[in-house]
There are 2 protein chains.
Amino acid sequence: MSHPVSPLAQPFPEVPAIAGVTPHVVRAGYKDWGRCDLTYVTFTEGTAVAGVFTKNLCCSSEVEIGRENVKRGTARALVVNAGNSNAFTGYRGREAVEQIMDQVAGNLGCAREDVFVSSTGVIGVPLPKDKAREGVEKAFSAAPCTWEEAANTIATTDTFAKGASATAMIGDTKVTLGAIIKGSGMIAPDMATMLGYIFTDAAVEPAFLQECLSAANLRSFSCITVDSDTSTSDTVLAFATGKAGNAPLVTAQSPGADAFAAAIQDVCRQLAHLVVRDGEGANKFIAVSVTGAVSDESARKVGMAIANSPLVKTAIAGEDANWGRVVMAVGKAGEPANRDTLSIGFGGTWAAKEGLPLADYDEAPVAAHLKGQDVTIEVDLGLGEGQATVWTCDLTHGYISINADYRS
Amino acid sequence: MSHPVSPLAQPFPEVPAIAGVTPHVVRAGYKDWGRCDLTYVTFTEGTAVAGVFTKNLCCSSEVEIGRENVKRGTARALVVNAGNSNAFTGYRGREAVEQIMDQVAGNLGCAREDVFVSSTGVIGVPLPKDKAREGVEKAFSAAPCTWEEAANTIATTDTFAKGASATAMIGDTKVTLGAIIKGSGMIAPDMATMLGYIFTDAAVEPAFLQECLSAANLRSFSCITVDSDTSTSDTVLAFATGKAGNAPLVTAQSPGADAFAAAIQDVCRQLAHLVVRDGEGANKFIAVSVTGAVSDESARKVGMAIANSPLVKTAIAGEDANWGRVVMAVGKAGEPANRDTLSIGFGGTWAAKEGLPLADYDEAPVAAHLKGQDVTIEVDLGLGEGQATVWTCDLTHGYISINADYRS
């Protein structure tokens with residue numbers, strides 16, 4: 001965390017303890033930094049797991065193995081290494097992950113496939129097996145830590161610790177969700193472009209947990225972008241211990257399933273927003289709201305084309321209501337759009353409607369809106385009922401400074 | 001041309017007069033600037049025309065009309081307005097274009113469809129019809145100008161004038177091509193993202209001229225990107241007067257057709273490189289060479305994913321051989337790629353081969369290469385015979401300064 005704290009940072013929220021989940025942090029020394037960099041979370045027996053992973057075709061061994069093992073639906077532990085992504089390291093990278101899985105499985109007396117491993121940091125350097133072994137060994141006897149400590153430990157270039165929580169009623173039983181996430185650059189959609197972990201005491205069958213997570217992902221992590229670049233390691237995992245004692249959620253028809261799905265959606269949305277708020281160099285949090293598209297997915301794609309446009313993002317950085325650049329971005333999205341039915345606004349004030357600049361366009365409220373930290377761009381395509389909101393940040397000198405100086 | 005001249009600028013080349021083509025420039029006063037901003041080029045009767053246009057769905061009236069009229073295959077005049085793109089201006093924008101077409105057609109005694117109009121500049125403000133009318137009227141009696149004057153007049157945010165030329169032998173007849181282009185931002189592929197004009201005295205049937213231009217476009221304008229943003233006005237037109245007196249080129253089988261196709265390809269490549277060299281904020285000219293892909297088109301898409309990656313472009317700006325970011329960009333392209341057959345190099349030195357960092361990787365020559373103005377990135381996917389080269393520039397503080405300050 002060597003960069004200045006994002007002006008959009010938010011304080012770490014109250015994230016409650018989750019029954020059946022115990023986090024620990026230790027210092028493995030993956031990098032020459034004076035901080036913990038290995039996070040070890042254990043789960044009681046019977047914990048369900050679900051996950052979404054990067055679609056990047058050059059993904060890490062962690063992603064390959066996790067994607068396979070999440071299908072079994074059970075978990076006993078999570079290990080997160082920070083400072084080394086272990087990506088693009090061939091068989092040596094895979095060996096390091098398997099060593100960690102075996103070591104933890106031996107300690108807990110569980111199947112190796114119940115141990116989930118993530119790594120984040122520099123690409124192309126195999127995770128040092130000796131450091132991993134010593135770190136994991138230390139973790140076995142480490143005292144439990146707070147969620148904020150865990151959030152700080154999974155972080156790399158993040159400038160603030162990120163967490164979220166929610167509750168839901170399942171029948172008469174209150175279930176609790178707590179979550180942490182890391183990520184600030186190499187953030188693009190197409191799934192979950194960062195490392196995020198959601199923990200709950202709810203009793204949920206793995207298949208339904210996956211259904212909830214996948215649905216929430218579509219309207220949260222798949223709707224954010226910082227720089228259009230998709231990491232090779234991105235992972236979001238959800239763990240459900242069942243310790244709340246609710247009647248297990250099996251399908252969307254189970255009593256309380258809606259409330260739980262809404263809570264996981266709420267947590268994912270919170271986490272996704274926090275990642276954007278820590279976007280490299282970000283000074284403004286931008287919501288792009290697209291309506292009138294031929295479908296929700298089409299609206300999302302148009303929104304992402306706007307959110308990924310360097311010219312739109314620099315215009316917002318310059319507090320310039322340059323709606324012409326928004327028109328350009330709509331047109332390049334490749335989705336159905338008609339210049340003559342297109343309307344564009346900022347902060348709730350239309351600048352152009354149905355293909356024409358508004359004759360009585362009052363720029364004053366728009367100029368005032370753009371000076372704020374939270375900016376909205378409204379686009380109505382005038383074609384159908386599809387809608388979506390996506391989130392991004394502005395593109396500033398800070399992004400260049402961070403990424404032209406970062407050493408591989 | 002208010003920004004500092006690009007460090008990658010090249011002097012305006014010798015572009016010869018083209019028989020049957022007469023350029024003129026005048027001041028229409030579209031913006032409050034002390035320079036010519038209307039370019040008027042006339043062609044002798046019998047001139048063939050071909051064109052490629054933006055794929056942006058929110059394109060300008062100029063593009064809509066030009067795309068339609070180019071199918072007729074004949075041209076008598078070209079009018080280029082600078083300072084106002086006339087895009088997203090509804091029926092009023094269309095009226096302004098039709099007024100110019102009628103005015104020129106009346107003067108030359110030709111069909112209005114033989115008059116091609118382009119406009120570049122701010123989006124959303126209808127081209128002022130009175131200024132256009134006065135400007136065109138002045139152009140009718142203006143003295144012919146040089147190609148460099150024309151290149152300066154079609155420019156907007158360009159920092160240097162751009163031209164190119166080539167010759168080809170068709171039988172015993174030498175034919176000559178001269179060309180000018182403008183563009184430095186809102187430059188992405190997917191066709192020709194700027195305004196470019198190619199003039200030749202060769203006798204070429206329109207259909208074959210279109211075939212040559214479309215083929216050249218695929219390996220030139222479709223292989224460059226500055227910022228991944230696709231303009232709403234991009235146009236490349238080719239005009240062939242036939243004044244050289246060669247036996248007309250009708251198909252690829254006509255004697256001399258190969259030489260002419262190669263010459264037009266050569267000119268398009270020169271023009272495309274010049275646009276990248278004037279990329280907003282560019283300090284380095286980057287060639288990304290992709291081999292071993294499953295097809296040439298797949299190689300081009302992988303190359304463009306690399307060339308559009310902000311993280312790759314900032315790494316090159318920082319002279320950092322961050323091949324991990326190249327891996328990331330390969331993986332997000334969505335084209336067939338295999339982490340374990342992938343090799344990456346810089347300036348002819350491999351950094352990683354077949355999925356692993358090279359054990360004996362010598363960073364010294366790479367570091368020296370990256371300090372230069374011309375940088376190459378080599379990627380071998382190890383899958384097939386497909387290959388492509390694409391060109392881009394680095395992403396620097398200059399890009400942010402230019403685009404966060406630019407006023408809509």
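Every residue number used here counts from 1 along the chain in the order it is shown.
Cβ atoms are placed via backbone N, Cα and C, with glycine included.
TrEMBL lists B:Thr156, B:Lys182, B:Thr193, B:Glu280, B:Asn403, B:Ser408 with the feature substrate binding site. If you look up TrEMBL, you'll see B:Thr193 marked as active site, nucleophile.
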Densest Cβ neighbourhood among B:Thr156, B:Asn403 (binding-site residues), 10 Å radius = B:Asn403
Query = Quick one: of B:Thr156, B:Glu280, B:Asn403, which binding-site residues have a CB closer than 8 A to some CB in chain A?
reply = B:Asn403
Note = So B:Lys182 (substrate binding site), by the Cβ count within 10 Å over all chains shown, scores 27
Inquiry  = Around the C-beta of B:Glu280 (substrate binding site), how many further C-beta atoms are within 10 angstroms, looking at every protein chain?
reply    = 28
Request  = Going by DSSP, give the three-state secondary structure for B:Asn403 (substrate binding site).
outcome  = helix
